[in-house]
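Q: Feature list, courtesy of TrEMBL:
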TRANSMEM  B:12-29  transmembrane segment
TRANSMEM  B:41-58  transmembrane segment
TRANSMEM  B:85-103  transmembrane segment
TRANSMEM  B:109-129  transmembrane segment
TRANSMEM  B:134-153  transmembrane segment
TRANSMEM  B:159-181  transmembrane segment
TRANSMEM  B:188-206  transmembrane segment
TRANSMEM  B:239-256  transmembrane segment
TRANSMEM  B:290-313  transmembrane segment
TRANSMEM  B:325-352  transmembrane segment
TRANSMEM  B:364-383  transmembrane segment
Amino acid sequence: MEYFLELFLGGLTRGSIYALIALGYTMVYGIIQLINFAHGEIYMIGAFTALIFASVFSILGWPVAAIFIIATLAAVVYSSAYGYTIEKIAYKPLRNAPRLSPLISAIGMSLFLQNYVLLAQTSDFLPFPQLIPDFEFMEPISHIFSSAELAIVSTTIIVMLLLTFFIKFTNMGKAMRATAQDKTMALLIGINVDRVISVTFIIGSALAALGGVLIANHIGQVNFYIGFIAGIKAFTAAVLGGIGSIPGAVLGALILGWTESFATGYISSDYEDVFAFALLVLILIFRPAGLLGRSETKKV
Amino acid sequence: MSYMIKSLKVAIWFMFLTFPIIVIKVNTIENLVMWRWKNMFYMGVGVFFVSMLWRYLLERKERAGKSDVQDKKTITQTVMENPKILRIVVFSLLAILCIFPFVTDAYQINILTVALMYVVLGLGLNIVVGLAGLLDLGFVAFYAVGAYTYALLNHYFGLSFWLLLPVGGLMGAVFGVLLGFPVLRLRGDYLAIVTLGFGEIIRLVLENWNDFSMGPSGIANIDRPSFFGIDFSLEQSTIFIYFLMVLFTLFTIFFVNRLQNSRIGRAWLALREDEIACQAMGVGRTRTKLMAFALGATWAGLMGVVFAAKTTFINPASFTFLESAIILSVVVLGGMGSIPGVILGALIMILLPEYLRAFSEYRMLVFGGAMVVMMVFRPQGLVSNFRRKYSFHAEDERFGQ
């Protein structure tokens, strides 16, 4: 029973991380129908930025709490800036191009960013300092569910609530929903579509950066290649829940997290990534619209 | 002047953007921080000029879009359409290829062999991506299937290269259909992701299924190809594989060229342009797509066998997503759907980094960037594909009435 609970909580943690990254995918896809392949790299850059700032300030001898806040803020700011810039360079000029073009451009961007970090930093795994101290918060569970994991899960819940509020009730959120439905129509009624798209990229990137900081802190190391796998898994989560749907992304992420956790726990840990990919292939074959997605009617 | 100011702003933005990654380098083990302010300066200056060029090119592209579509013939088009010149070009290229191994050393031959392998792989992927318009990001899986087919059967049963070459191709085709069949309904982005997942599954299985594929340590001592039982020295063998690849390349070019103008080739083009119209005209979607997958995968399988025979050692690390991305950029940079384009793309991708050693570290960075730039400014690639056009001229008009 305890093993089961451990796997369950492990899956919850994984799922929360995937959810943070998947939200970026799903929002971008919802608005411009583009799979942002470089999204995983934004997450990686967030983790790297956090590592760099954390190291600099820990050498200066600042307290851990301050370092944590600074590193998180820096990661969020820089990742958002990267997301914004990437959209301007690689996707905006291609808005009216055939669909294959932005996809290839996105893959190119992803390769570029990976190698940019590889060349400027290193190809080694860098240890990430522990920013969230271990403390006992609830006696029986604490030793299988650390404070870092608690931070991950609670951050995801808070972010989810804020995002739902933002999209439901603010003007920008309304504009985003309108743009997602019909770009031309949104333009006609005076919505600045370019700005909406930029904001979408910024929010998605900021969430990915949060995920980057939290998971780097949880796992304890960072590498230029972490974005690739995380990106695919988050994408799987987004597709599983129905790409374009925000609650769907979270649901998909949790299902993926539990699938992985239980499969590695009860079947074999060698094939950890295979389960995610197999799940992805299966969903796309049997239910391409995802669990909560509407099946798309083709416009002719 | 406004150009300059805008570019200056962009440069400052990029200096801010790249600041943590390129300026600060931390050593978390010894608690050292390196500040590389020089990089920031280079970045600023570089981005300033790149931004000016970017703006200029964008503007030019917009102007070209507005003016009438000019029907200028490119050099390649002139060459391709004139059989006399084409023949001269082809024969001189062939002559160079034939003399090449006898005037250079083994290292050069090896590089050219690898480049030719990428030409063939590129042409194979070109069938799927360029002609049929199906973005396949797991192409390397079929390459791996071919390589492991040869390596395993050779290792356990001692079967020869020539027997296993068609088997490798066949295995590639089988896996192509296996993947193609379930994903027929998917297009564009979804297809790209599924093929990517498929490629990764194959690699992960090869890496973890120790009893079958010997896991990450790979398979060593694979036989080199023999030629009617003659024992080759290492150098002779290198030259032999080189000529094998030359023949292979010629065969592939011939085959793909014929394929392009065949019924099935036209069906692919039609499918790429409009799937629904294509079905309405009676072109079977299932068969056509499966054909594209199977044929593309066959070439990858064949090349996998050659790769295993050439290196005599394979392990899963040779079949990562990066490899798929390299083959894809060969096709994209050269020009999707264009045979001379793919050849040029492969030569640029493989030969340039070999000869410009200083540049090889930046290879993937440059090619990633090039993929973006290409899509923005020249989506048709370096050598664009052209189709035969039929048009009425003034003097023909009476036939049209």
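The backbone N, Cα and C atoms fix where each Cβ goes, glycine too.
Remember, TrEMBL labels are computer predictions, not curated facts.
Just tell me what is around each of these and how deep it sits.
A: Long-range Cβ contacts of the transmembrane segment (B:109-129) within its own chain (Cβ-Cβ under 8 Å, at least 6 residues beyond either end) map to 100-101, 135-136, 139, 143, 238-239, 241-242, 245-246, 248-249, 252-253, 256, 259, 268, 292-293, 295-300, 302-303, 306-307, 310, 326-328, 330-331, 334, 336-337, 339, 342-343, 345-347, 349-351, 354.
Nonlocal intrachain contacts for the transmembrane segment (B:188-206), taken as residues 6+ away from its ends with a CB within less than 8 angstroms of a stretch CB, comprise 134-141, 144-145, 148, 179, 213, 215, 316, 319-321, 324.
Below 8 angstroms of C-beta separation, residues 113, 117, 120-121, 123-125, 127-128, 131-132, 134, 136, 139-140, 142-151, 154, 161, 164-165, 168-173, 175-177, 179-181, 184, 218-225, 241, 244-245, 248, 252, 259, 264, 268 of the same chain, each at least six residues beyond the ends of the transmembrane segment (B:290-313), sit close to that stretch.
If one looks beyond the transmembrane segment (B:325-352) by at least 6 residues along the same chain, the residues whose Cβ comes under 8 Å of a Cβ in the stretch are 76, 80, 111-112, 114-116, 118-119, 121-123, 125-126, 129-131, 137, 139-140, 253, 256-257, 260, 359, 367, 370-371, 374-375, 380-386.
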Q: When you scan the chain for residues with a C-beta under 8 Å from the transmembrane segment (B:12-29), skipping those not six or more beyond its ends, what do you find?
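A: Contacts of the transmembrane segment (B:12-29) (Cβ under 8 Å, skipping residues fewer than 6 from its ends): 35-37, 39-40, 43-44, 47.
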Q: Please indicate, using numbers and ranges, the residues of the same chain that are 6 or more beyond the transmembrane segment (B:134-153) and have a C-beta under 8 Å from a C-beta there.
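A: Cβ under 8 Å, 6 or more out: 121, 124-125, 128, 159, 161, 164-165, 167-169, 171-172, 175-176, 179, 187-189, 191-193, 195-203, 206, 212-213, 219, 222, 289, 292-293, 296-297, 300-305, 307-309, 314, 316, 318-321, 323-325, 327-328.
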Q: So which residues does the transmembrane segment (B:364-383) touch in its own chain, when a touch means Cβ under 8 Å and the partner is 6 or more beyond its ends?
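A: Non-local partners: 57-58, 61, 74, 76, 322, 326, 329, 332-336, 338, 340-341, 344-345, 348-349.
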